[in-house]
Amino acid sequence: MKQNLKVIGEHTNHIFKQNTQITQLGKSGQIHEAVKLFSEMTRKNTVTYNSMISALNKNGKFNDARHLFDNMPRRNLVSWNTMIAGYLHSDRIDEAYRLFVKMPKRDRFSWTLMISYFTRKGELEKARELFDLFPHKRDVAFWNVMIRGYGEKGRIVEARRLFDEMPLRVVVSWNLMLSCYTRNGEMRLGREFFEGMALRDVVSWNLMVDGFIEVGDLDSAWEYFEKTPYPNVVSWVTMLCGLARSGKILEARRLFDQMQNKNVVSWNAMISAYVKDYQIEEAARLFSDMANRDSFSWTTMIDGYVHVGRLDKARELLNQMPYKDIAAQTAMLSGYIKNKRMDEACQVFNEIAARDIVCWNTMIVGYSQMGRMDKALDLFKEMKDKDLVTWNTMIIGYAQIGEMEEAVKIFNGMKIKNVVSWNSLITGFLQNGLSMDALTSFKLMVHEGITPDHSTFACSLSACANLAALQVGKQMHNKVLKSGHLNDLFVGNALITMYAKCGRILCAQLIFDDLDEVDVISWNSLITGYALNGYGKQAVQLFEQMVSKGRAGMLSEAFEVVRGLKIRANAGIWGALLAACKTRGNLKLGKIAAEQLSEFEPRKTSNFVLLANMQAEAGSWDEVENTRLSMKYTEAEKQPGCSWIEVRHQLHCFQSNMPMQPETAEVYSNLKTLTSQISNLDCVSKSSLLDNL
DNA sequence: TATGCGTAGT
């Protein structure tokens, strides 16, 4: 009898050990080893099955997990919960919920699992529904999970309402409420709440420090950090990261050196600070000094090498990494893809045991951005669980290589579409010169009840511009006004272009004037608009206005405008640029402007003088000499302004200070009449425009 | 409460 008990005890002990091993193997991504062990086990208990299900779930093998779940001899509560967790992890909410409903008994864990899943996904209404349905007394964890959910969605008011309703609050509840404020940049309210907190611990202080860092108020962060009664390692790391993020890497290092109890995270944070500052050698030094590295340390270094373009070094590290986790592998993968080294990317991709959906998508995006839709399609077909990103990427990929039929096929194959799917289709039509189809899609989209976003409007307005479809464009403008996207730069710029291309340059000007901020594209659109509508003079004036604005860097942006200008830049534009370069002392751009200008006005002395002066101010005396020489060489001299016109096959030349000719008086008189007519026209269209708005 | 990676549309 004793002997038998001993044997049973040993068996139990053995099974227990093997079960634990399965769990461990599953966690470290060694799923094949786990399966092997499982199939070799002669005695299994319910925990064995549960461990195996969990291991399969953790490695993305949800169907195998379900199969095992359906065929296991006896299921307990943990089996159900494990399977539900797997479904939730793979976003199969419906199946998870079906199991949740079907399970014979639910414990607190099952409920919290479902509720916290919904709060994490930001689907708070569903979470709230379950929360309200919970049949027993809700413990404090339920409330906390809801508050966290509201906080993460920025719904502070609802979080606060729930917080105020709570029958019992522990310090975690107080901190969660505080984090709603600090995580959403509401530091004024946060501070107020913090002052009134009934329960406070070091976490509360850390949250305040982190919150201030997040809004860029480093002084207040430092103040709270110094005031923290018993700072822990998190306090130090938070402050260290704050300093690093504001580029104060020396101060961060000083803090790091002062730390008494450094842990892995402190080291990782410091390494990450160096990596973000492109100081890869210093990061490597710290990395090699570390006693205990974790997967964060490895990933940070691998990513660091990727970002300085040393892919081979990154790969070397990945090979050395003891337990490769998905983050490190993904860093390597995206490094290869960004450098278009697809063969090596493929290799890494194949090495990843627990490939998640993003890994697949990353590969597909890589191929599609290279125009390799054949390869993208292979992966797309191979993929079991596709999400919206997968489908949308395929649409975009086909559109970019001009295969709109394929793009439409993919689009039509989608069961669920979101606004990005529609935008991708509309953009595709637009890019392939099918503006009419773009507008039709817009109508369909609205008809199907999808709310257009700023991107939809920007694209569809471009389509209107291409078609010079003023009426549709106006209707869309109206929709933009109602949608609240008017102040979006992309939409604003598209509106400017639309009105300009439809010949309503004054409307374009009004849109431009109303924008809160403008960028190069806005200027470009407006200037091009004036030029297209025959207002050359205004275009040049506007351009001068643009280069004379205060902002540093505007000068190079102005050059970008000229380069991107749909019309060929003329002497006026280059002259304005040259003058602006002189004012700002930008010799480099000045030379380019002068060079261009010499093509239009090879003999205009003032251009040469301006350039020579700039060179002199910069102390480049050799260049001054060269400019003077080339001025002589081209015999630059003051040339009178001159203009030609062809009338009935005869060329007429007008020159300023030209002696009176018989027609001259008549010409001037006609010109005066025309000018006044044009300015009257301007007034008319402006006032009728105002009436319309 | 702190550290690492990655996917779609202008």
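Glycine is treated like the rest: Cβ placed from N, Cα and C.
With a cut-off of 8 Å between Cβ atoms, the residues of this chain six or more beyond the repeat 'PPR' (A:45-79) that come close are 15-16, 18-20, 22-23, 25-27, 29, 31, 34-35, 38, 85-87, 89-90, 92, 103, 105, 107, 109-110, 353-356, 384. Marked as repeat 'PPR' by TrEMBL: A:45-79 (among others).
Per-residue confidence over the repeat 'PPR' (A:139-173) averages 89 (mean pLDDT, predicted model). Annotation comment: TrEMBL describes A:139-173 (among others) as repeat 'PPR'.
Only residues 6 or more beyond the boundaries of the repeat 'PPR' (A:232-266), in the same chain, are considered here, and those with a CB under 8 A from a CB of the stretch are 202-203, 205-206, 209-210, 212-213, 216, 218, 221-222, 225, 272-274, 276-277, 279, 290, 292-294, 296-297. Here TrEMBL flags A:232-266 (among others) as repeat 'PPR'.
Annotation comment: TrEMBL describes A:294-328 (among others) as repeat 'PPR'.
Feature annotation from TrEMBL assigns repeat 'PPR' to A:356-390 (among others).
The annotation repeat 'PPR' is assigned in TrEMBL to A:418-452 (among others). Outside the repeat 'PPR' (A:418-452), and at least 6 residues removed from its termini, the chain residues within Cβ reach (under 8 Å) are 388, 391-392, 395-396, 398-400, 402, 404, 407-408, 411, 459-460, 462-464, 466-467, 469, 472, 476, 479, 483.
Per TrEMBL, the feature repeat 'PPR' maps to A:519-553 (among others).
Across the range of the repeat 'PPR' (A:519-553), the DSSP-based residue counts are 26 helix, 0 strand, 9 coil. Per-class residue totals from DSSP over the repeat 'PPR' (A:45-79), listed helix then strand then coil: 26 helix, 0 strand, 9 coil. Note: the repeat 'PPR' (A:139-173) comprises 26 helix, 0 strand, 9 coil (DSSP; helix = H, G, I, strand = E, B).
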